[in-house]
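Here is what Swiss-Prot says about this protein:
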- 256: active site (ACT_SITE)
- 315: active site (ACT_SITE)
- 338: active site (ACT_SITE)
- 378, 380, 430, 435: Ca(2+) binding site (BINDING)
- 151: N-linked glycosylation site (CARBOHYD)
- 220: N-linked glycosylation site (CARBOHYD)
- 227: N-linked glycosylation site (CARBOHYD)
- 408: N-linked glycosylation site (CARBOHYD)
- 472: N-linked glycosylation site (CARBOHYD)
- 488: N-linked glycosylation site (CARBOHYD)
- 430-449: region 'Disordered' (REGION)
């Protein structure tokens, strides 16, 4: 062919705005085009002459060093095949040709370079596609996709089962550097692995933890965060992933809700539907026997060298939505992924993906790590009394609780700023034949019922303490008889973190009462002075854990239970306008009163929003008892649209107090 007649590509327009809108990727803050696999995108190609029937246009899509590339030529067929990459002419006008390209629904995800007849057409990112029915992350409901893929804000649910608190969280999966960071975390995967949401999600989960190959977050539960950021300070995944991307170093520090928030962000960023999930009264079984063993002395104090298991007030992980083509049928849908460094799986700290369907049925052999998650949501709690007998210890089982683990499993409701209870997705109703059958299937043995003959039953009514006020407990004792009986009650109260880590014992309350009738209430009280001066001993939010033992004097029968009390603190008041303009100052006015009898130290108020470039803060060293402070924080919105502003208050003694408001930012 005469070189003067050779077909030459002069330019390629990736039609970023048009394609991004069609692929639901217009919010990504990147100069590169972001596409979803299995869906048509358009290219506008300028040639040196009109395209003729004998001409060839060859497109090469390359995913990087040592990675395969796809070569696609013009297809004369007008219809698209069911599989593979394809390219067709959509429109031709003189030297301008519009091409429609469709990637394979199981294509490698990641960063691509593209060449058209050796012309460098640029770079784009290819994501998983929940809108594509042939993609293994397909999600049928548009409302679900809007929530689990596109929503960049949400809530974490914290506290404990009887006193659930919501914590606003900014996922920010579209923000600058986030997508780059997520794909850089996956550079160690083989091409075939980058096709699978199962393997990609497991790899992302692994790389969230700094203990695994310099991953994103350093876990810290010591209460000393002096060389980093305290976990409770974070309210967004964005600064964490941005810092990791820029520095290539692990970010200090995280706890379970931070790990969950960042993992949810990363999964949504690469196109895998995801949600942060909270399990209240979450078991941590160190012996893999599907139960938690707690050992008490005769006053109700825990015995640390024997009590290796723990029950967390709450624990958070992330659910990801996908087909499980690597498993038998019936395990598609939500999968548990947990990047909090608790357990080793195949040599690294990670959990999952574990099918929620398998967890519910007790199918603990199903991959990955289903035994651990099953115990978290459906384990049993054994309480042992350790008795000293002639210098020897004797362990006596005094309580078996089959319904106290895995309460109020929660996530944000689709399309609403409310909590959704999804407990029955993870387990059958407590006490039902199906629930006990799942436990039997998981453990391989029938449940222990040797304590069912007990005549005395114990429970506790309270679930909170107003900070600065006495601890008041009401113990409820139930019997089948109305005969008067003397009962010894011993209640040990600890100050501990949400993971069950005991920081100090506040004291033991002991009382002997005569109970009459089939139900009796016994009041116990401890003055606030026993705890108020210990709140700042560690830089963590603290709760009160109580272990109560009741003994019938005549028969010696003992029963036990435990309770968790959270501290309540009155919120501060915040004023901000309902509307504001981009690039103009917005003023937030705060009013706060210290209602405690002790000074509050290391005061910090902060404002975060996806409408701001940076977090804004106001700090003060000390607020004396009874003192009221008023101040203003000024910030400048840089993005239009409805933007949620989160104002947080923290101090050494009081944590996790916040207010929020949506402000409409206009041009």
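Along the chain as shown, residues are numbered 1 onward.
A Cβ is built for glycine as well, from the same backbone N, Cα and C atoms used for every other residue.
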Quick check: which same-chain residues outside 378, 380, 430, 435 lie with their CB within 8 A of the centre of the Ca(2+) site CB atoms?
379, 402, 403, 405, 406, 427, 428, 431, 436, 438, 439
Tertiary neighbours of residue 220 (N-linked glycosylation site) (same chain, Cβ under 8 Å, six or more apart)
228, 231, 252, 253, 254, 255
Minimum Cα separation from residue 488 (N-linked glycosylation site), reported as the residue among recorded positions 256, 378, 380, 435 that achieves it
380
Which of 151, 227 (the glycosylation sites) has the most other Cβ atoms within 10 Å?
151
Restricting to the chain of residue 315 (active site) and a gap of 6 or more, list residues whose Cβ falls under 8 Å of its Cβ, or answer none.
256, 278, 279, 282, 284, 340, 376
Simplified to three states, DSSP reports residue 435 (Ca(2+) binding site) as helix
Residue 408 (N-linked glycosylation site) and residue 430 (Ca(2+) binding site), distance between Cα atoms, whole Å
12
Cβ-Cβ under 8 Å from residue 435 (Ca(2+) binding site), same chain, 6 or more residues apart: which ones?
378, 427, 428, 429
Under a three-state reduction of DSSP output, how is residue 488 (N-linked glycosylation site) classified: helix, strand, or coil?
strand
Of the recorded positions listed here (151, 227, 380, 408), which is spatially closest to residue 472 (N-linked glycosylation site) when Cα positions are compared?
408
Note: in the chain of residue 338 (active site), residues six or more apart in sequence with C-beta under 8 angstroms of its C-beta are 205, 259, 260, 317, 318, 350, 351, 352, 373
So, by DSSP, how many helix, strand and coil residues make up the region 'Disordered' (430-449)?
11 helix, 0 strand, 9 coil
For the recorded positions 378, 408, 472, 488, the one whose C-beta sees the most other C-beta atoms within 10 angstroms:
378
